[in-house]
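Taken straight from Swiss-Prot:
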SIGNAL    1-11  signal peptide
DISULFID  Cys28-Cys39  disulfide bond
DISULFID  Cys34-Cys50  disulfide bond
DISULFID  Cys38-Cys72  disulfide bond
DISULFID  Cys60-Cys80  disulfide bond
BINDING   Trp63  taurodeoxycholate binding site
DISULFID  Cys74-Cys98  disulfide bond
Amino acid sequence: LLLVALAVAYAVPDPRGVIINLEAGEICLNSAQCKSECCHQESSLSLARCAAKASENSECSAWTLYGVYYKCPCERGLTCQVDKTLVGSIMNTNFGICFDAARSEE
């Protein structure tokens with residue numbers, strides 16, 4: 001009976017997740033896996049890890065085809081001011097600065 005109870009306890013899924021719902025600093029393959037929705041890679045040779053989104057006046061990336069960013073996208077409510085190009089989307093080099101569009105309209 002004790003073995004059955006232990007087996008059930010270990011079978012209950014961890015809410016943190018192994019493949020999705022990953023915390024900052026955990027290794028990822030795509031931004032969809034991260035709670036923050038940013039899978040960040042320092043260089044093409046480094047492992048990608050979940051990271052916080054970019055804050056106001058920080059460097060940011062526009063949406064990328066791959067779901068892995070060299071610069072994280074902006075936090076909710078902010079806009080990444082960047083000149084988007086097709087080549088930049090493919091090469092993951094569409095970088096800009098996060099700003100609050102609502103504040104700049106005032």
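Each residue, glycine too, has its Cβ placed from N, Cα and C.
Taking the features listed in Swiss-Prot, we show where each one sits on the structure.
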residue	record	DSSP class
Cys28	disulfide bond	coil
Cys38	disulfide bond	coil
Cys50	disulfide bond	strand
Cys60	disulfide bond	strand
Cys72	disulfide bond	coil
Cys80	disulfide bond	strand
Cys98	disulfide bond	strand
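The Cβ neighbour count for Trp63 (taurodeoxycholate binding site), using a 10 Å radius over every protein chain in view, is 12. Its Cβ placed at the centre, Cys50 (disulfide bond) has 22 other Cβ atoms within 10 Å. Rounded to the nearest whole angstrom, the C-alpha distance between Cys28 (disulfide bond) and Cys72 (disulfide bond) is 14.
Put simply, Cys72 (disulfide bond) is 10 Å from Cys80 (disulfide bond) when counted between their Cα atoms. Same-chain residues at least 6 positions away in sequence with a Cβ under 8 Å from that of Cys74 (disulfide bond) are, in sequence order, Lys53, Ala54, Ser55, Ser58, Cys60, Cys80, Cys98. Cα spacing between Cys39 (disulfide bond) and Cys50 (disulfide bond): 5 Å, rounded to the nearest whole number.
A distance of 12 Å separates the Cα atom of Cys72 (disulfide bond) from that of Cys34 (disulfide bond). A distance of 15 Å separates the Cα atom of Cys34 (disulfide bond) from that of Trp63 (taurodeoxycholate binding site).
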